[in-house]
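Below: the structure, in structure tokens.
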């Protein structure tokens, strides 16, 4: 027993001595860390909570949160994870992701192919970046030749990654260009994901209408591990400016064409990304349930109303449901199992007259009305990732003479309303209630090749209305 204790003490002493000299057992598991988009990658702390195969969907969802102003940025980030800093759109409105369609085989020697046919003629490439995983290569190949010198963190190791781009045709392959990435990292630090700007290569391929390209990733001094040829796959992000996005029905032409998607056959996001999306949707539903018909408020101009039928025949307050009085709420707390019907509002005659006068003056005037669009209602929910619905609003109401300043009439609309009121010229309609200011909407969706795309569509939400 005494001998065993002595051996244990000797082992612990040797272990502590190694730690004091800067040596430690190899307990490191290569994590995943995204570096800033550049030609030189520096080391950083590993992030084992991020899985390599999540990178494309997580990267695109992070960009969606970034450019849409979503509050879900923190929800999608796992503890300790670090995502790349945003690349400016530079006047663009589109971000396309392309995942490697096929990993390397013994015949192609590690060639990763990309199908870029989703790029349209109207999309001008602003920048393009190739992201590829080299964690195993760096962690395996960078060994310390002199253990005593490796204790100094200032010593850096260098490794060069070569990239060769190929245009793939049916009968032959044509070299598109050569690139290299110089990896610089301190000893014992981890570099897992690298990035390389490939803007000029993709512009050249698009100009020549060559949309099937391949990348061969090699190292001059070390052979790539076989696992790196298959998993995780590299991916490409393309920032573009779609010149046709402001044309009439552009949102329909770019989204409605994906009707070949069928339920259950489309691509799926990773589980933690889907959970983050569902949490955000539950928050939106919980904050929007108290509409005027449920909280005993008179409907205002922000909410929907119908134009059908004569104005005098409408009785919008007849079936409004009120909140139960205080006594009723106390009774409901005492009898949780009992079912109580909502009470109907009982207005006196003076209140009803005041409400009718308010309804006659305000809702008839030009104003913004509430409209919520659910993509499931129009059959687009299969390929739209986020948002599943949005507040579009619409403009409706009269622009009668005299028009108040609150309706913001144009000079032409003012003259037109005067001519119509005087009746000098017959058949002149009153000015129209139209959107004055509108805002854009970011939509994250799958394209026809099941790649994740982010587009910022202009003029999707009405901010204010005016008479024109």
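Cβ atoms here come from the backbone N, Cα and C positions, even for glycine.
As written in Swiss-Prot, here are the features:
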type     : residues : note
SIGNAL   : 1-22     : signal peptide
REGION   : 29-53    : region 'Disordered'
CARBOHYD : 115      : N-linked glycosylation site
CARBOHYD : 139      : N-linked glycosylation site
CARBOHYD : 171      : N-linked glycosylation site
CARBOHYD : 216      : N-linked glycosylation site
REGION   : 314-349  : region 'Disordered'
COMPBIAS : 329-339  : compositional bias 'Basic residues'
COMPBIAS : 340-349  : compositional bias 'Polar residues'
DISULFID : 366-433  : disulfide bond
DISULFID : 395-465  : disulfide bond
DISULFID : 399-467  : disulfide bond
CARBOHYD : 459      : N-linked glycosylation site
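Between residue 115 (N-linked glycosylation site) and residue 459 (N-linked glycosylation site), the C-alpha separation comes to 31 Å. Residue 433 (disulfide bond) falls within a strand segment according to DSSP. Calculated from their C-alpha atoms, the gap between residue 459 (N-linked glycosylation site) and residue 399 (disulfide bond) amounts to 23 Å. Here the CA atom of residue 216 (N-linked glycosylation site) lies 19 Å from the CA atom of residue 171 (N-linked glycosylation site). When the CA atoms are compared, the recorded positions lying within 10 A of residue 465 (disulfide bond) are 366, 433, out of the candidates 216, 366, 399, 433.
Taking Cβ-Cβ distances under 8 Å and a sequence gap of 6 or more within the same chain, the neighbours of residue 467 (disulfide bond) are 366, 399, 403, 407, 408, 409, 410, 413, 417, 431, 432, 433, 434. Under a cutoff of 8 A between CB atoms, and with a sequence separation of 6+ in the same chain, the neighbours of residue 395 (disulfide bond) are 366, 367, 368, 369, 433, 434, 435, 462, 465. Neighbour counts were taken at the CB atom with a 10 A radius for the glycosylation sites 115, 171; the maximum falls on 115. Cβ neighbour counts within 10 Å, taken over all protein chains shown, single out 366 as the most crowded of the disulfide-bonded residues 366, 399, 433, 465. Least crowded of the glycosylation sites (216, 459), judged by neighbouring Cβ atoms within 10 Å of its own Cβ: 459.
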